[in-house]
Amino acid sequence: MNILAPSILSADFNVLGEQIQTVAKAGAQYIHVDVMDGIFVPSISYGMPVIKSVRKSTDAVFDVHLMITEPVRYIRDFVDSGADIITVHVEACKDIDETIRDIKACGVKAAVAINPETPVDKIMPYLDDIDMALVMSVHPGFGGQKFIPDVLDKVRIIRSYYRDNNMDKDIEIDGGINFDNLPEVLEAGANVIVAGSSVYRGDAAANTKKFLELMR
Ligand SMILES: O=C(CO)[C@@H](O)[C@H](O)COP(=O)(O)O
């Protein structure tokens, strides 16, 4: 199943709850929440109190993407704030196995992300254990960047691995996705589409519906 995950990083924070409701009512299944610590990535975004507050605005799945160093320190806090899926970066964890175990022990889905410059081999050992692989298609840290098409090879390799092993798992792609590059992204095998600026720039409800239409 194809899933749209609008990234709130590009939303209007002054009316964040309403912005989330707009895309959820238009059919977005996930709400993508980018947490940045200013260390793993150059920028700082928002954390637990904001997530806890906007959690009340919708029943949609909260897909929390932790761009933070050693996220294992905060798994329980993000689950208590309302995360349904927690993604950690392969580049940010000393012990990925332990981090995945901790996420699952909290009763939520576990995902692992890789940055554009990280070789796909770094995520392969964890594919069996995780619920979703996230392939970054921009350098993490900011919304509105240009899509890096080379990362589609990683999506193809991961999708082949899942197909060859009869695993119907999710592959999420994040960064620079728009109406023009969406077809090649789906064709490569990604099925969870994160889109920030392409959703929230202009009419968020109409953009959400257009994405979902193209993803059918
Ligand atoms: O994690 C990130 C950026 O670090 C992304 O989730 C972006 O927020 C997606 O926004 P667009 O590239 O679609 O504007």
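The chain as shown is numbered from 1 upward.
Just so you know, glycine gets a Cβ as well, placed from its N, Cα and C.
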Joining H32, D34, H65 at the divalent metal cation site recorded in TrEMBL, out of D174, D180, D203, is D174
Candidate with the highest Cβ count within 10 Å, taken from the binding-site residues S7, S197: S7
D174 (active site, proton donor) versus S197 (substrate binding site) - Cα distance in angstrom: 12
